Amino acid sequence: MDENSRMCLITNRQALEKDIKTSYIMDHMVADQVLTLQEEEKVKQQNTQKERAAMLINTLLTKDNNAYRSFYNALLHEGYRDLAALLQDGIPAFSSKNGKNAMDERTSYVKTALCEGGVPQRPVVFVSRPKLVDDIKQKLRSLGSDPGWVTVYGMAGCGKTVLTAEALRDHQLLRGCFPGGVHWISVGKQDKAGLLIKLQNLCSRLEHDSTLPQRPPLNIEEAKDRLRLLMLRKYQRSLLVLDDIWDSWVLKAFDNQCQVLITSRDRSVTDAVSGNKYEIHVESGLTHEKGLEVLALFVNMKISELPEQASCIVTECKGSPLVISLIGALLRDFPSRWEYYLKQLQNKQFKRIRKSSSYDYEALDEAMSISVEQLSNDLKEYYKDLSILPKDVKVPTKVLCILWDMETEEVEDILQEFVNKSLLFCDRNGNSFHYYLHDLQLDFLTEKNCNQLQELHKNIVNQYKRYYKLHVPVLSQEDCMYWYNFLAYHMAGANMQKELRDLMFSLDWIKAKTELVGPAHLIHEYVEYSSVLDEKDSIIRENFQEFLSLNGHLLGRQPFPDITQLGLCQPETSEVYQQAKLRAQRETGTFYLEWINKKSLKNLSRLVVRPHRDAVYHACFSRDRQRIASCGADKTLQVFKAESGERLLEISAHDDEILCCTFSADDKYVATCSADKKVKVWNSRTGKCLYVYEEHTEQVNCCQFNNRRGQYLLATCSDDTYIKLWDLKDKYCRNTMFGHVNAVSHCRFSPNDDYIASCSTDGTVKLWNVHSANELRTIEIKDFFRNADEQQDDVEVLVKCCSWSRSSDTILVVAKNKLLLFDVTTSNLLTQVIISHHSTIQYCDFCAGDELVAVALSHCSIELWNIKSLSKVADCRGHTSWVHCVTFSSDGSLFLTSSEDQTIRIWETNKVCKSSDAVLKSELDVVFHNGEVMILAIYNQKHIQLINGNTDSIIMQTEPQESLICCCCLSEDLKFAAFGQENGAIKVLRLLDGRVLTSREAYRTSVQHCRFTTDCQTLISSAHDAVIQVWNWQLNECVFLKGHKEAIKDFAFLENSKLLSWSFDGTVKVWNITTGKTEKDFACHRGAVLSCAVSPDGSRFSSTSADKTAKIWSFESSSVLHELKGHEACVRCSAFSPSNKLLATGDDKGDIRIWDILTGELLHFCSSVTVDEEEPTHGGWVTDLSFSPDSKMLVSSGGYLKWWDVTTGESLQTFYTNGTNLKSIHVSPNFDVQNLKDIGIEVEEIVPCVHSNDGYS
């Protein structure tokens, strides 16, 4: 301090000590950061006013010029103008060049940082607790530059929030430790949907100065990732404050390697997160002396001057800062009512039926009741209106403006009255105010006004409807998110059944809400408000809930699917379909499709969830069937509710792909194993990592807990050839079982826990004794795949997995395409089933009754087999890529499947088994005849069916064939059909009666393709060899087309008895089918030729290849005209436009390119914009393409169907099928109908017809 200033203080010291009251003077100085809380406390400890003033001046003399200026300004502010005049001559000059006070700069910096960060302001009356504030500061400084957590914990109402906010009013702390700012979010008790709202609001606040507006994140994972990027890139070295945390799972959304301070009632909430952790405990209430100090500050008296009732009031308030503040605010306005308010507290005048509450403060009722009674009648009514505000939600002023039909300024004036009386809290967010009630206050209001809540909810709904009329809020409006999140809550509270049904059963509302916040909150509302929605019947609510449950994984994507098109795919009896139909009819200029034969396909899934951002390798039910754990290529462990898909835990669990997860018998633990060679055990509720085992030396493929409760044994197996047995009470492996010579892919405890079975790529299954860890026996699985002339070592069999019967007497083993059932005691083979000749089994699981077995197949389907009758019970479709896992619940009522397509599907066993859907093989033929779609299909690989696609009726079905049917074809006159079989036979039958007319033993391998010529007299066929056969079946004459060096991929007819064929040898040939000679030979590609297309004028053809190129060739010159480069994956298909000007090509990445066939120039790149980086733009491979007759539209098949505008390359419509990946498209001559092997579709303007790899009809 300047000498002049110092002398001025000393000279006038006597006058200052005589007159000043220090409490309010010090408030200003603490706020200006020139007086610490410890110094303030030291002054207050003096006995008399004069002693307190003397101590303050002594402290002031040890400080700098800023302290002098602050003291001088405080005197002026508190009315001591005469004393301030005495110090005026000692005011030190400004030292900064711009004349700005450095102290003012610091004060301004703190205020700005806290205001922008949403930190609550000091309450009207503030009592310092310097030790606790300093403890918080010290812990925050202890974080240093490392990520970590500081937890301020204690009972509700103890002042955690106020103390935390006070600790942040420190210039040095903010400048030195958190120059990136402070970001405060009030969390409270939340479900997943509520947490998402909080995260959306936080991200919006942090992005407020972004040049481009960002849509709110659609799910917690996306919000977490966006928050991580914001904190990493924009707000480095900042502090995130999470106020009022109730549940540990909430913190996972903020576990982003940043610095976090939380307030909570629960000391253990940070157990589930990683990083440095520090704790500060706040006692449950104020000390008696502090309570008296609060009252003294409210009534502007010394503690010693307080009446005797003050001590009793503090006692009745039980130390709660909130309750004492409520009473203090009343006494400030009515200072003579000490006795009256004491009696109110003691006699509990406010009587009510008390509901169970999280807070044990009975005095709150009385304090709140007294406070409300002192309001004017108008204010009482306004305050009563707040009874229906949602908990832990900060309500924008605009919402209350609509509720009360007032201007903003009028509403803010009313609410400020409540704030001043500690009846309401206010936060400033930018230029607007948000208001909220403490849980204690809201509990009081809802119980006090319990008989009027319905009317209060009704009032706010009516005011909303009056304000918005037929419109809905838009994102730019301050109140938008409130209405989308809580309008249904208010309607349900009002029991406004019609209004709630109109809202929740509206595709317009679903579309608007899901585009803003995703589907999760809506699904939650259907469950939450089912009692109101089901007042008449539950059918409509079930329609909409099922629609969202089965399409939520689509609605969570970007770009957003057309909800009208999704609705049109629902059953015609569904209210969702009825609304979609009306929307489609109203909207002009939009292209929609209506599915003709959708009655034939029942969606058997109960729920579809997409918890991962990459392939899902494994999933399993908890033993109580309430939860599901899943893991996969994204390195995370997810735990979610089996009923709704609500996420409970998300853990970044390993450093590499997680290959398996399992619940313990009591559901207390979840174990995971990974390609990072580690095994980890987690608390299944909190997500805390309890054990890490690192003894395996290669990737760990499988883990499984034993089945007996109370004993925690974990078996793991690895590529290192070992099976290890862990006891969770020990730190190290209990036993290592060795004997396999190759990687061990799977292991399982027997249900009685006596044995462990292990499966290996060495072709064996071994059984081990759990107690001794000794090998009991080895079953040589590869023996059952060896031909008579093969040696045992020549056979390679990868044993995928096994499953025990409930009795532990038999074990089911999976290898290649077989299920093999063995007797455990004798190792004898009891039975075997060949599941499929065209795909391998990925996984299997026994149902609880030991009869039903579920198998996951590589061609994207799941089959259920009765192992006793050796019959297939059901075929389940829906996944669009490999199914990695299938697992039954413990009681067998449900089973789940996980897939490469990033989804998990939950199925009801009984529903699936009762389904009568016919399973059609992917190879079929279609003829469009007189406005009807006639489909020849292979049913269950044994029958041929002729189906009317318009009516879905079966016209003809053959008797079962002795050999499996591989392909089929129709004659154009619909008189004949032909089919090829696995044994190499080809048969021709008459459609009128299904009688086989003739047959030929054509091949030694399965027939792949067969087609009639236009005169229907000749049949062209190919198999898994290099020869094409031209069979005049009426004359029984055959011509062999030999020339390709590898298997034929496919062929197509040309004019004048010519045939175009392409092969895996990279060549394309033109044949004369009459002479059997090659007329032209094209060496097209280095890799296999995957497809060819012929131009409409017959002068050119295109070839596509696995070498990622497409080429356009001239028939006349036998030369390549253009090599089309740019695809980044196998080019699988191509199509010429009818105008003969364009060629479209599609690849395995999901991209489509449109080329000018004259110049070879790329005209358009057709690729949907997608936010999900791992999501293929076409949902998978592009498998087929077809132009409309006017060449203006292109339809493509893949993971789903897409229609494109050829002129712009933009997507016109997307059709999501319920089956597997689509294989090819059959188009009617006028493009009115297209067929999708198993699915026919009809549109008002254009209707295509397409088919998939496998599916239902």
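Each residue, glycine too, has its Cβ placed from N, Cα and C.
Taken straight from TrEMBL:
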- 1-90: domain 'CARD' (DOMAIN)
- 609-650: repeat 'WD' (REPEAT)
- 651-692: repeat 'WD' (REPEAT)
- 693-736: repeat 'WD' (REPEAT)
- 737-778: repeat 'WD' (REPEAT)
- 876-908: repeat 'WD' (REPEAT)
- 1000-1032: repeat 'WD' (REPEAT)
- 1041-1081: repeat 'WD' (REPEAT)
- 1082-1123: repeat 'WD' (REPEAT)
- 1124-1165: repeat 'WD' (REPEAT)
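Among residues of the same chain six or more beyond the repeat 'WD' (609-650), those with a C-beta under 8 A of the stretch's C-beta atoms are 191-192, 220-221, 249, 252, 272, 520, 523-524, 527, 549, 552-553, 556, 656-663, 665-667, 670, 672, 674, 682, 684, 687, 881, 884-885, 887-891, 893-894, 896-904, 906, 1172, 1174.
Per-residue confidence over the repeat 'WD' (651-692) averages 94 (mean pLDDT, predicted model). Panel annotation: around the repeat 'WD' (1041-1081), residues 1008-1009, 1011, 1013-1014, 1018, 1020, 1022-1030, 1087-1094, 1098, 1101, 1103, 1105, 1113, 1115, 1118 of the same chain, lying at least six beyond its termini, place a Cβ under 8 Å from a Cβ of the stretch. Residues 553, 603-621, 623-625, 628, 630, 632, 642, 842-849, 852, 854-858, 860-864, 1174-1175, 1179-1180, 1199, 1218-1221, 1254-1256 of the same chain lie 6 or more positions beyond the ends of the repeat 'WD' (876-908) yet place their CB under 8 Å from a CB of it. Within the same chain, residues 656, 659-666, 669, 671-681, 742-749, 751-753, 756, 758, 760, 768, 770, 773 sit at least 6 positions outside the repeat 'WD' (693-736) and bring their C-beta atoms closer than 8 Å to a C-beta of that stretch. Helix, strand and coil counts under DSSP for the repeat 'WD' (609-650) come to 0 helix, 23 strand, 19 coil.
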